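Engineer: Sending over a structure as structure tokens; questions will come in a sec.
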Amino acid sequence: MRKFLDGLYHLSGFLAGLLMVFIFLIILAQVVGRQFGLVIPSANELSGFAMAGAVFLALAPTLRAGAHIRVGVLVRRLQGRARRGLELGVGGFSLLASSYATLQLWRLVLDSYSYGDLAPGLLPLPIWIPQSLLAVGITIFTVALADTLVALWRGELPSYLAEGGGQE
């Protein structure tokens, strides 16, 4: 199971990186095209969709690496059971909030698909396609939060501390 989850997190990060490359290529095509009087239609919308997808797909690997912003003023001062209790409480709340966001994003994707909603730009792209990137990203993030919470429950160091991450 550990190999599968780590592979999922790496795949999510890789896809986020691919979307960043896609953004770079769109912007490059726009800059070069402008020199020849060419306009890339819907470049801004596609870049925006790709950026949102990249951000959401990068959530889980960022959590695992300990690169999310954490306010550790209180946590650093606690030791033992108090620290573990606080980490479990915050992790549990984060998991609940992320689970709710996951549910709502998948509902949005399904509604957009069933109504046939299109992006509001020049390109008649079904909006559920870019929305699904967000839903997949938040789903993987929710899995990563659950994974972290299970590790904490077992008394293990969470990945964001075990892998040397989270330095402030």
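Note: Cβ is positioned from N, Cα and C throughout, glycine not excepted.
Pulled from TrEMBL, these are the listed features:
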- 23-154: domain 'Tripartite ATP-independent periplasmic transporters DctQ component' (DOMAIN)
- 7-29: transmembrane segment (TRANSMEM)
- 49-67: transmembrane segment (TRANSMEM)
- 88-107: transmembrane segment (TRANSMEM)
- 127-153: transmembrane segment (TRANSMEM)
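Surface or core, plus neighbours and distances: that's what I need for these features.
Structural biologist: Long-range contacts of the transmembrane segment (7-29) within the same chain: residues 40, 43, 46-47, 50-51, 53-55, 57-61, 64, 133, 136-137, 140, 143-144, each at least 6 residues beyond the stretch ends and with a Cβ under 8 Å from a Cβ of the stretch.
If one looks beyond the transmembrane segment (88-107) by at least 6 residues along the same chain, the residues whose Cβ comes under 8 Å of a Cβ in the stretch are 131, 134-135, 138-139, 141-142, 145-146, 148-149, 152-153, 158.
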Engineer: What does DSSP give as the helix, strand and coil breakdown of the domain 'Tripartite ATP-independent periplasmic transporters DctQ component' (23-154)?
Structural biologist: 100 helix, 2 strand, 30 coil
Engineer: Who are the long-range neighbours of the transmembrane segment (49-67) in its own chain, taking Cβ under 8 Å and residues 6 or more past its ends?
Structural biologist: 8-10, 12-13, 15-17, 19-20, 22-23, 26, 119, 125, 130, 133-134, 136-138, 140-141, 143-145, 148, 159-161, 163-167
Engineer: Just to confirm my parser: what is the rounded mean pLDDT across the domain 'Tripartite ATP-independent periplasmic transporters DctQ component' (23-154)?
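Structural biologist: Taking every residue of the domain 'Tripartite ATP-independent periplasmic transporters DctQ component' (23-154) together, the mean pLDDT is 93.
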